[in-house]
Number of protein chains: 2
Amino acid sequence: MNAQNCLEILRSIKDVAFATIDRDGKPQVRMIDMMLIEEGKLFFCTARGKDFYQELCDLPEAAITGMNEKYQMVRFNAKVKKLSDQKYWIDRIFEENPSMKDVYPGDSRYILEPFVMDEGTLEFFDLGVSPIHRESFALKMPVKEKGFLISDACIGCGTCQRNCPQQAIIKGTPYVIKQEQCLHCGLCFEKCPVKAIFRRGLSR
Amino acid sequence: MNAQNCLEILRSIKDVAFATIDRDGKPQVRMIDMMLIEEGKLFFCTARGKDFYQELCDLPEAAITGMNEKYQMVRFNAKVKKLSDQKYWIDRIFEENPSMKDVYPGDSRYILEPFVMDEGTLEFFDLGVSPIHRESFALKMPVKEKGFLISDACIGCGTCQRNCPQQAIIKGTPYVIKQEQCLHCGLCFEKCPVKAIFRRGLSR
């Protein structure tokens with residue numbers, strides 16, 4: 001699994017959930033087709049009349065997610081960039097997605113504007129395997145670490161390991177969280193008697 | 001179709017996309033199970049360790065969407081309310097969703113907190129019929145009108161009707177947009193020679 005595989009899953013799901021922030025500072029989400037894929041790039045389009053278009057112009061930040069039939073989920077948090085060569089990209093999108101002609105016949109297609117996402121962080125989350133499996137990747141920026149870490153303040157009591165719902169903690173000095181199996185539920189963090197476990201990542 | 005039918009679609013899809021805003025003011029989205037439904041109420045839960053939980057505590061606003069196998073899409077923009085009787089609601093959720101026990105066995109379930117959404121606006125969008133069909137509803141607040149409206153400044157030239165990709169405009173004085181079939185693409189708005197068409201809704 002790598003960043004490109006994650007983009008390919010989103011393109012194969014096609015209809016992914018696409019979140020933005022509106023002018024009232026509230027979250028918005030709708031299903032959007034992922035129209036094209038290139039190495040490290042995912043393309044989509046939307047019509048200039050839509051609230052979605054206005055939101056992207058105001059704050060070009062996207063959070064995208066989709067789950068395929070194997071219960072593999074991908075999250076992509078990306079910067080959104082409007083493409084300048086509108087006609088070229090809309091024509092290419094319609095060529096590779098012929099059903100678009102039913103929705104926007106003839107020249108009405110040029111009410112659409114093309115966008116690309118090629119910079120951001122990716123999370124892959126496989127719920128179809130047991131234990132669950134997660135990995136993080138990034139495009140043109142560092143990977144963002146999330147979840148929890150057990151520090152050297154660990155006294156080795158094993159409370160975290162006994163409480164973990166996914167058996168994702170290994171005995172050691174200190175004990176270690178298997179990050180790829182962690183739900184980020186925070187039970188170890190709450191139960192540690194010496195507060196040796198801390199949250200990773202500066203922002204939420 | 002009514003508001004309750006929309007909630008029922010979200011519960012039946014179960015894994016819906018749930019958008020929030022993080023502490024950096026950026027959108028976030030992930031798949032969340034809709035766990036229970038009552039008249040006008042949709043319930044879910046999440047673990048106190050998750051970024052998602054922190055985001056809901058910071059800004060209890062949700063945007064949710066899901067599409068079922070009939071290509072019927074629902075969007076729900078709602079206030080998120082944390083429920084005080086944690087044990088009662090988590091036990092009820094686990095009773096009605098037995099597979100939760102595999103993820104959070106034994107008492108580990110109480111790392112989860114229950115939430116309800118019973119106030120907000122709903123959009124129903126049927127992509128499985130031609131022409132497409134959309135309707136808006138609301139729970140405990142007025143319906144939010146979106147899209148475009150043709151004003152009395154209309155000169156009856158028919159430019160909007162000829163350009164509409166979905167034949168969603170009816171001849172008249174003034175011409176009228178069939179709101180339930182409108183894509184909100186904005187082509188009529190852009191093409192109207194006398195600027196007789198305006199955008200509905202104060203915010204985006």
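Any Cβ shown, glycine's included, is placed from N, Cα and C.
Heads up, TrEMBL stuff is auto-annotated, nobody curated it.
The domain '4Fe-4S ferredoxin-type' feature in TrEMBL is assigned to A:145-174, A:175-202.
Listed as Cβ neighbours of the domain '4Fe-4S ferredoxin-type' (A:175-202) (distance under 8 Å, sequence separation of 6 or more from its ends, same chain) are residues 131-135, 144-161, 163-169. Confidence in the domain '4Fe-4S ferredoxin-type' (A:145-174), given as mean pLDDT, stands at 96.
Using DSSP to sort the residues of the domain '4Fe-4S ferredoxin-type' (A:145-174) gives these counts of helix, strand and coil: 5 helix, 5 strand, 20 coil.
Residues in the domain '4Fe-4S ferredoxin-type' (A:175-202) partition by DSSP class (helix H, G, I; strand E, B; coil) as 8 helix, 5 strand, 15 coil.
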